[in-house]
């Protein structure tokens, strides 16, 4: 059974008196920085001059260049996109990693796949809320918290675990619970979930269903409603109470169809290919391909992105969403929450 840690189990004093550098001020960066600041920790944000620099300054956070923040901080949390971390680390962070400092991440990609190799005399750990930054911020402001993961890669000082837990408490994650894992487990399961189910699996399933109905002569608008629009209703039910709650909530006809048709779509051959995807993640094949893609200027990434944007389902969906203002209101609410949370 997984070990969970909550606020009452954690002493944050180990992190008090230390300066924490948040590198990056995007969705996660602004949430971590502001939550830590309001929890009484000494925070500095390290970003390049420009929009994020000005935004952090306007929020009342101490802002420096990445190199300056890394130099003066005791704990350095890198909240940049995976593909940018190595270059920024080597140029602006590594020169200032003195013995006894701590290097943090919110995802284990660059450590696990050897893109970043910190010196042996620094602590290395991750703390990863399981939700987007605007939700991490909103839950914190409401007195709740998004649950998170933490893992230790190096414990040079003997305090790495205590520091990770204190950091998790500072951003509000310990209110929801912090689950202990490893860099390997966090990285591989996160990538697998994205590729096989949450992003890759879901988008291909929706697209195939939409195309099947349209090619059979049904109106694209109805196909969109039945394969994409209503997906949120089903996922919300599963999110709230698991598959059993979803099946309880839908009609008996829908539930019966789930049982008899579902295994015809997602059968053992699909599971076998999922295992192939997992193997590519575990042996580094996916990581090497993604690293090479970035080094080459992202030609395949751009091609895939353009093809997806030009699919008929996007055109149909855009027109239908214009007829449903409540959807745009929800989208605008998220944007407002991000802006408001950064101001408060």
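Residue numbering: from 1, along the chain as shown.
Including glycine, each Cβ sits where the backbone N, Cα and C put it.
Annotated domain 'KARI N-terminal Rossmann' per Swiss-Prot: 1-181, in sequence order, evidence recorded as sequence analysis.
Under the DSSP three-state reduction, residue 48 (NADP(+) binding site) is assigned to coil, being neither helix nor strand. Taking Cβ-Cβ distances under 8 Å and a sequence gap of 6 or more within the same chain, the neighbours of residue 48 (NADP(+) binding site) are 65, 66. Here Swiss-Prot flags 25, 26, 27, 28, 48, 52, 82, 83, 84, 85, 133 as NADP(+) binding site, drawing on sequence analysis.
DSSP gives residue 107 (active site) a coil state; it is part of no helix or strand. Here Swiss-Prot flags 107 as active site, drawing on sequence analysis.
Feature annotation from Swiss-Prot assigns domain 'KARI C-terminal knotted' to 182-327. The average per-residue pLDDT of the prediction over the domain 'KARI C-terminal knotted' (182-327) is 97, rounded to a whole number.
Sequence annotations record features per position, and here Swiss-Prot assigns Mg(2+) 2 binding site to 190, 226, 230. Secondary structure from DSSP puts residue 226 (Mg(2+) 2 binding site) in a helix. A 10 Å cutoff on Cβ-Cβ distances gives residue 226 (Mg(2+) 2 binding site) a total of 14 other Cβ atoms nearby, all chains included.
The Mg(2+) 1 binding site annotation in Swiss-Prot covers 190, 194, and the record cites sequence analysis as its basis. According to DSSP, residue 190 (Mg(2+) 2 binding site) sits within a helical segment. Around residue 190 (Mg(2+) 2 binding site), the same-chain residues at least 6 positions away in sequence with a Cβ under 8 Å from its Cβ are 107, 108.
Counting Cβ atoms from all protein chains shown, residue 251 (substrate binding site) has 8 others lying within 10 Å of its own Cβ. If you look up Swiss-Prot, you'll see 251 marked as substrate binding site.
Closest in space to residue 230 (Mg(2+) 2 binding site), of the binding-site residues given as 27, 82, 84, 133, 194, is 194, taking the CA atom of each residue. Secondary structure at residue 251 (substrate binding site), as computed by DSSP, is coil. Here the C-alpha separation of residue 133 (NADP(+) binding site) and residue 226 (Mg(2+) 2 binding site) works out to 30 Å.
When other Cβ atoms within 10 Å of the Cβ of residue 84 (NADP(+) binding site) are tallied across all protein chains shown, the result is 14. It is 15 Å from the Cα atom of residue 226 (Mg(2+) 2 binding site) to that of residue 251 (substrate binding site).
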